[in-house]
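Report on the following structure.
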Amino acid sequence: MGEGRQRPTMDLLRSEPMQLVQLIIPIESAHRSISYLGDLGLFQFKDLNSEKSPFQRTYATQIKRSGEMARKLRFFKEQMTKAGLSPSTRSARNDDVDLDNLEVKLGELEAELIEMNANHEKLQQSYNELKEYKLVMQKAGEFFQSAQSSAAAKQREAEAEQRGEGSIDSPLLLEQEMVTDPSKQVKLGFVSGLVSRERSLAFERILFRATRGNVFLKQSVVEDPVTDPASGEKVEKNVFIVFYSGERARNKIMKICEVFGANRYPFTEDLGKQFQIITEVSGRLEELKTTIDVGLVHQSNLLQTIAYHFENWSLLVKKEKSIYHTLNMLSIDVSRKCLVAEGWCPVFATNQIQNVLQKATIDSSSQVGTIFHVLQTKESPPTYFHTNKFTSAFQEIVDAYGIAKYQEANPAVFTIITFPFLFAVMFGDWGHGICLCLATSYFIIREKKFSSQKLGDITEMIFGGRYVIMMMALFSIYTGLIYNEFFSVPFELFGPSAYGCHDPSCSDASTAGLVKVRATYPFGVDPKWHGTRSELPFLNSLKMKMSILIGVAQMNLGIILSYFNAKFFKNEINIWYQFVPQLIFLNSLFGYLSLLIVVKWCTGSQADLYHVMIYMFLSPTDDLGENQLFFGQKFLQIVLLLAALVSVPWMLFPKPFLLKKQHEERHRGQSYALLDSSDDDPLEMELHHGSGSHEEFEFSEVFVHQLIHTIEFVLGAVSNTASYLRLWALSLAHSELSSVFYDKVLLLAWGYR
């Protein structure tokens with residue numbers, strides 16, 4: 001190949017010339033070859049094992065192995081997220097890590113982290129249980145201490161009363177108490193623990209009902225939330241102690257505690273033992289706290305080490321998995337110990353691919369090089385557009401809706417202008433445009449620094465579309481100057497207004513009563529066109545009509561683009577029986593409306609365009625009267641209306657019959673259609689498919705499809721024209737919101753009322 005063919009054409013309008021290539025790769029250099037080709041990014045492999053399931057392919061084990069390593073990396077990322085760490089973006093890119101060593105290392109790190117987590121959970125659970133136990137000992141101890149103090153006080157009062165002047169009944173009562181047998185006194189048992197505060201009321205109610213009121217419940221509120229040992233979450237709890245009598249009541253209390261998730265802890269009435277237990281628990285808590293802190297420091301150090309290498313490890317695992325996925329698409333020739341690959345690549349990349357394959361052969365110490373062979377095929381190639389950092393974002397916007405067929409015109413070329421311009425029509429304000437331009441300039445000036453950093457989702461999206469946003473900002477400044485809006489405020493940038501107030505009764509802020517006193521404003525909209533809030537400004541009428549003009553122009557552009565695509569593929573049927581009648585129909589109605597708008601602007605006529613368009617259909621032969629804009633308008637309207645009516649059956653009927661005739665002639669051998677001669681149209685695709693497999697031509701299906709296509713276009717022409725009025729609606733909303741912000745926020749902040 002000549003040297004001139006080894007360079008990209010840089011023609012964004014058409015796809016780069018593509019070729020089908022066969023590679024015969026020795027097994028020992030296959031891994032490096034696929035890796036280097038992936039880094040180059042100019043080769044698209046075909047799946048030569050499409051009939052096999054993923055588990056039947058040669059490298060299924062290696063893919064499973066890579067998937068297991070990816071799972072371990074996801075586990076590491078979860079642990080780093082919990083610890084508040086993020087993968088380091090400063091890790092060295094020249095780390096040469098072997099996959100086998102990485103697999104062993106990841107396994108060891110995972111086992112170590114799992115063991116750390118298990119130990120930490122056990123220690124933390126013990127710590128939380130001891131904290132609850134300490135709270136129970138303190139709160140219940142306070143209750144017993146207060147109860148004993150109260151009992152002692154009552155006993156002293158009783159003794160004092162007995163020594164005093166008692167009544168006649170006092171000796172009898174005293175005698176009755178002395179007669180009571182101490183062995184017959186009932187001894188109460190108790191259960192202590194903690195229960196969730198939000199469930200404490202239900203807990204008390206169930207205890208009362210289950211024991212028929214034969215229990216005594218005492219609760220004490222814990223001021224601070226307590227970490228629950230089971231869930232590890234902060235929960236507001238109450239310390240409770242339940243007094244009961246009998247084993248049966250005790251069993252019921254135990255079951256109710258289990259149902260309510262109440263943690264039970266032992267308690268002793270002996271004050272000396274209580275103090276001893278609290279001291280022991282406090283010491284144990286200090287030891288556990290120290291152990292937990294040391295473990296967390298060790299875990300943090302380990303996670304920081306993982307975070308430093310995480311990006312490299314993750315990239316290596318993803319790359320290995322992609323390599324083996326690609327190797328599974330290749331066919332194995334066991335006799336020759338090689339892999340056979342087929343794929344598409346741009347013609348200009350031939351030398352680059354050969355150099356990469358030669359480098360892979362040398363690096364893998366293979367004795368045999370890779371054979372590069374160009375195949376001749378009638379298969380339609382994939383589409384490849386050579387983009388740069390400026391055009392790539394626009395290309396991605398277009399690709400999100402659909403990728404152009406090979407050698408079709410690329411809509412991204414037109415999107416570079418139309419997309420930011422339509423944005424500017426809606427949000428035209430040179431004040432906002434300057435702010436947006438300054439913010440985007442920051443990303444463009446520092447793009448080298450940002451491109452080497454790991455950005456957040458929103459920041460990365462903004463950085464990726466920085467040139468799109470810059471174009472939007474520039475167009476917004478341009479349309480803002482045309483609208484004469486700076487944060488919704490009109491300025492006399494290019495001289496004073498052409499209109500003045502000759503009557504003392506008219507206000508300077510109103511458009512009513514103004515007359516032209518000087519030459520037309522040199523650029524953009526006259527400041528007086530903004531009007532006041534009490535009337536419809538002239539600028540809104542301008543935006544509404546301009547939206548219709550833009551919509552009709554863009555729809556014409558789409559049809560013309562499809563026309564040239566059909567012309568490029570020599571598809572005469574689509575040219576004369578689809579795109580030509582579409583142009584006639586669209587411009588007979590909405591093209592004529594656009595003409596009337598321009599003529600009205602140029603002549604200053606007061607004609608009602610709504611009336612003209614409605615009665616063009618209802619009464620095409622009636623006299624136009626004051627709505628006539630130019631000589632011969634009535635005759636032109638009749639001609640255009642007839643043309644629109646004729647274009648509908650023109651789109652509907654000829655094409656199915658011509659396709660049927662072409663199909664019959666092809667099967668009789670009277671004509672041969674060129675390969676790839678059809679546009680991306682389902683009718684032609686079905687026809688060519690039928691000619692290859694000798695299937696019956698379904699005329700009814702083709703006709704119904706064409707009927708649907710015709711109805712869709714006719715209705716779409718109306719609805720799309722109306723949809724473009726959203727440009728005017730959003731522009732009006734943007735202007736009004738900006739005006740409200742200026743009046744109600746900025747002026748009030750500056751002290752104006």
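Note: Cβ is positioned from N, Cα and C throughout, glycine not excepted.
Curation does not apply to TrEMBL; its annotations are automatic.
Sequence-remote contacts of a segment are chain residues at least 6 beyond its ends whose Cβ falls under 8 Å from one of its Cβ atoms, and for the coiled coil (92-133) they are 65, 69, 72-73, 75-76, 79, 194, 226-230, 232, 237, 263, 265, 281, 284-285, 288-289, 291-292, 295-296, 298-299, 302-303, 306, 309, 312-313, 316-317, 320. TrEMBL lists 92-133 with the feature coiled coil.
Marked as transmembrane segment by TrEMBL: 421-445 (among others).
Long-range contacts of the transmembrane segment (466-483) within the same chain, counting only residues at least 6 positions beyond its ends with a Cβ under 8 Å from a Cβ of the stretch, are 389-390, 393-394, 397, 416, 419-421, 423-425, 427-434, 436-437, 440-441, 443-444, 447, 493, 523-525, 539, 543, 735. Annotation source TrEMBL lists transmembrane segment at 466-483 (among others).
Feature annotation from TrEMBL assigns transmembrane segment to 546-564 (among others).
Feature annotation from TrEMBL assigns transmembrane segment to 576-599 (among others).
Look at TrEMBL and you will find 635-653 (among others) tagged as transmembrane segment.
Proximity of distant same-chain residues to the transmembrane segment (421-445), defined by a Cβ-Cβ separation under 8 Å and at least 6 residues beyond the stretch ends, is recorded for 462-463, 466-467, 469-470, 472-483, 485-488, 543, 546-547, 550, 727, 730-731, 734-735, 738.
Through the fold, the transmembrane segment (546-564) approaches residues 409, 411, 414, 418, 422, 425, 574-575, 579-580, 582-583, 586-587, 590-591, 593-594, 597-598, 679, 717, 720-721, 723-728 of its own chain, all at least 6 residues removed from its boundaries and within a Cβ separation under 8 Å. Residues 545, 548-549, 551-553, 555-556, 559-560, 562-563, 566, 605, 607, 609, 612-613, 629-630, 636-637, 640-641, 643-644, 646-648, 650-651, 654-655, 658, 713-714, 717, 721 of the same chain lie 6+ residues outside the transmembrane segment (576-599) yet bring a C-beta within less than 8 angstroms of a C-beta in it.
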